[in-house]
Number of protein chains: 2
Amino acid sequence: MKLLREKIQDEGIVLSDGVLKVDSFLNHQIDPELMKEIGLEFARLFKKEGITKIVTIESSGISPAVMAGLELGVKVIFARKRKSLTLTDNLLVSSVYSFTKQEENTIAVSSQFLNKSDRVLIIDDFLANGEAAKGLIDIVKKSGASIQGIGIVIEKSFQKGASELKNSGYRVESLARIQSLRDGKVSFVEEFEEVKA
Amino acid sequence: MKLLREKIQDEGIVLSDGVLKVDSFLNHQIDPELMKEIGLEFARLFKKEGITKIVTIESSGISPAVMAGLELGVKVIFARKRKSLTLTDNLLVSSVYSFTKQEENTIAVSSQFLNKSDRVLIIDDFLANGEAAKGLIDIVKKSGASIQGIGIVIEKSFQKGASELKNSGYRVESLARIQSLRDGKVSFVEEFEEVKA
């Protein structure tokens, strides 16, 4: 998605070889117009999958997920992230390790909002090692619903998440795919590689 | 806002005289179509205020704020909520006490996204005792920006937040105003009282 790649080039801040900060339009300040375009693109990519529900995780997944949900005409569930779990009323839970924050979080979705007949699109802001996505997959599987695809705003293709998820048979659609953050520079996966992938 | 009041009557769960759960369309599962209507209504109410930025708080404020931002053509900043603060790089911070969770949280906004010339609309999902709103006001004030109004999805009018904020001179626009949650029943502030208020 060209608009998104341009936004990343213009406003993204490379903090290290592994960390890209996009606080000006996605992770802290949000650009609603860009989120709308992202939602339209996810809807275009997954419109044939008969999606009935979108599952994301708080907080940065919410905007792209809600815009996609608006376009696909389906509701969005955001998983809650918690250090420890106190409520246990019919929750589907999973455990997510954050490499960035070096901490383990429990994520939870109320079981009443997902059922066997649901065809789920998982949406998240970043895909790196795939921990959050795997946690969401785990939760959706526990509900008995099927996973029709995974939509990612920014994929760090040099980390293992995307290839692992694809090897597990999931359709992963990432709107921007980053090849490298070396030397403080954002390099995207080349177009011809995108076609091969 | 009639659509919202109906949704609250149909799907809201009264947990006690003080607590209303709206997990099916706002606080856990999100109804994107309703969020769009809410965004349109906030935009209609505040369109003459020359808003340049919307400030909200994660996670449930994000959807209504982004929809309002889309309609008003402005960016949205969501304050981060933290148990404790480790990062201190140019953050505007405030302290918010949650009566529901009985815990103190630090909320933070990066100072780079707000400046003196900004005309801010604060948006949040609930207004009860006004703790979150006061924390956001505190942060916006620290940036030097002006506060043009406060948009609330659901106001619990029987708690002190709304009247305190209005007494402090803020324009508060709440799309649904709840008079009481007694006997497991949601009663809204009557229309004629809304006009008087």
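Keep in mind that glycine also has a Cβ here, set from the backbone N, Cα and C atoms.
Take the xanthine site that TrEMBL assigns to A:Leu20, A:Asn27: the candidate from A:Lys156, A:Lys160, A:Lys166 listed for it is A:Lys156. Listed in chain order, the extra residues whose Cβ falls within 8 Å of the Cβ center of the xanthine site residues A:Leu20, A:Asn27, A:Lys156 are A:Gly12, A:Val19, A:Lys21, A:Val22, A:Asp125, A:Phe126, A:Ala128, A:Ile154, A:Ile178. Taking the mean position of the Cβ atoms of A:Ala128, A:Asn129, A:Gly130, A:Glu131, A:Ala132 as the 5-phospho-alpha-D-ribose 1-diphosphate site, the remaining residues of that chain whose Cβ falls within 8 Å of it are A:Val96, A:Phe99, A:Phe126, A:Leu127, A:Ala133, A:Lys134, A:Gln159, A:Gly161. Cβ-based neighbour count (10 Å, all protein chains) for A:Ala128 (5-phospho-alpha-D-ribose 1-diphosphate binding site) stands at 24. Among the binding-site residues A:Ala128, A:Asn129, A:Glu131, A:Ala132, the ones whose Cα sits within 10 Å of the Cα of A:Lys156 (xanthine binding site) are A:Ala128, A:Asn129.
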